[in-house]
Amino acid sequence: MSKLNMTPREIVAYLDEYIIGQKEAKKSIAIAFRNRYRRLQLEKSLQEEITPKNILMIGSTGVGKTEIARRIAKIMELPFVKVEASKYTEVGFVGRDVESMVRDLVNNSVLLVENEHKEKLKDKIEEAVVEKIAKKLLPPLPNGVSEEKKQEYANSLLKMQQRIVQGELDSREIEIEVRKKSIEIDSNVPPEILRVQENLIKVFHKEQDKVKKTLSVKEAKEALKAEISDTLLDSEAIKMEGLKRAESSGVIFIDEIDKIAVSSKEGSRQDPSKEGVQRDLLPIVEGSVVNTKYGSIKTEHILFIAAGAFHLSKPSDLIPELQGRFPLRVELENLTEEIMYMILTQTKTSIIKQYQALLQVEGVGIAFEDDAIKELAKLSYNANQKSEDIGARRLHTTIEKVLEDISFEAEDYLGQKVTITKELVQSKLEDLVADENLVKYIL
């Protein structure tokens, strides 16, 4: 069931579990996502008139721009795609054209809908798989047998199915027929070429062609699950629903938008295709029709969230028409030493919890003293100040450095609980951070 009806307060509360600070950014994005729900409650004629208010997020790398958008799209089960503006080229140049981001969104949307339909049919699919395997393991019943024999066979089949479900026969081998693996199609090529590719595949690689394979029961379960899913699912309905959902509630996150801004300071040294990419992007953000392999999609109701650091350029360096299409602007705060500490201690799946869980797999307990966590936050913050500011990502590199030896020699610590102290953190990191020339080694 979709969680599109979450209130802005609920959205912000959810984000607070994973992202520290950035209240204004969370608030703006929460309202934008809530408006998606509000629009869908209106009459059809009015829905068409209301377009989303696109957002421009301004902030350094690692402060939570992508994470905010990604987390909301995930919890609300919306079609979402993250792209980097710098990867696109102007029409006529070699590279990806901007329309491919819409095609990627539609692909993700169809996959999202397909997974939902599979979940609904999960029990039915598993029953069909188990029944098919059981009939392979049991010799077939000869014709003309008595009702008593038929009942005995039915009982044996039921017992066999129970054993398969419990995994008792996972290592047994059986021969089954499976479809030939389909050829992957590149979704980044224009729709016209996609159709040619699909037609060629139908000619040279018929879907109904099957091959016999000897697999273990465990492997056969997975192979048959995919095949039976395709049989039970209404692929046409899934495609149509995926297309509709991408059109009405899709979200495209465009990172590094500042990389295609033409700075007035740089002048003639700028890449001439940057402005071309902006002009190609403009009709998609304004609202146009893009052809995909699933059909045409209108883009005027897709929510676009652009983000960039804008260190070498300003938002005003974007072409005026594109600026006007991102009416909501949010500036994200740089991370302080205190926020670094809170990221390590207060987030639901903090980096510390992640490393503790990873090493627990090896039977090694890890405990961090509070002073050690504060020192990690302090040294990570100092490293950001002295070198390139990569925000919270710096914490990954510093913790990795501190735990490097323990991770490598995990078997030596089996059954032990290792305490990470302030002194240990300092011994691993302070020499590197103190020397500005060596700070690059912990990037």
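Positions of Cβ are set from backbone N, Cα and C atoms, glycine also.
Taken from Swiss-Prot, the feature ATP binding site covers Ile20, Gly62, Val63, Gly64, Lys65, Thr66, Glu67, Asp255, Glu321, Arg393, and the record attributes it to sequence analysis. Annotation for Glu67 (ATP binding site): same-chain Cβ neighbours under 8 Å, separated by at least 6 residues, are Tyr18, Ile19.
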TODO: Could you check the binding-site residues Ile20, Val63 and say which one's CB has the most other CB atoms within 10 Å?
DONE: Val63
Open item on the list: By the count of other Cβ atoms within 10 Å, pick out the sparsest of the binding-site residues Lys65, Glu321.
Closed with: Glu321
Task: For Lys65 (ATP binding site), the three-state class that DSSP assigns - done: helix
Task: Diameter of the ATP binding set by C-alpha atoms, the set being Ile20, Gly62, Val63, Gly64, Lys65, Thr66, Glu67, Asp255, Glu321, Arg393, in angstrom - done: 34
